Amino acid sequence: DFVQKFALVISNSGTQLNKLDISNNLLEDRGINHLLGALKHLPCGLTSFDMSRTGVSTKCLNKVGEVLSQSPNIMASLASLKLNDNGLKGEDFPKKKKKKKKSIKRRRRKRRRRRRRRRRRRRRRRRRRRVVREEEEEEEEEEEEEEGETEKRREKRKKKERRRKGGRGGGRSMRETRETDRQ
């Protein structure tokens, strides 16, 4: 009863139906046939039609295919059609090609290649780390040398200052000694 009323609503010329999901409803062949009669005359096509787990037979599914292919509006716009878990038999499904088992030699070759690649990567990483360490050590040595040079310069300045001050009133300059003497 519901499907017949629904089909009447759909067949109305003003219907703007894009998606139709009737999945998980046991409509069986009779219900789908009523619905297909209305879908033939849809003014705008469907983009999605889901009728999975509706309990229809293979014969009814064939009819669905015929009706959909005969309706130009639906064929132009239909993007997804779901017919899962219905009356399809094992013979109706396209057969899958069996994958050939790869030989043991091929597997071993692949493993060896992978191992070689891993080893190469490890070596590259080690080289990079070594180069980075060496660069850091060189930078540290250069900094130490620069610090050492600055220390040497400081010592030279101190020596020069001592020479200048040497013997004159305990390290005071001439001016300082004269000023203190005048006072």
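For all residues, glycine too, the Cβ spot is worked out from N, Cα and C.
If you look up TrEMBL, you'll see 85-183 marked as region 'Disordered'.
What TrEMBL records for 95-131 (among others) is compositional bias 'Basic residues'.
Here TrEMBL flags 134-149 as compositional bias 'Acidic residues'. Using a Cβ-Cβ cut-off under 8 Å and counting only residues 6 or more beyond its ends in the same chain, the compositional bias 'Acidic residues' (134-149) has no close neighbours at all.
Under the heading compositional bias 'Basic residues', TrEMBL lists 154-167 (among others).
TrEMBL lists 173-183 with the feature compositional bias 'Basic and acidic residues'.
Taken through DSSP, the compositional bias 'Acidic residues' (134-149) splits into 16 helix, 0 strand, 0 coil.
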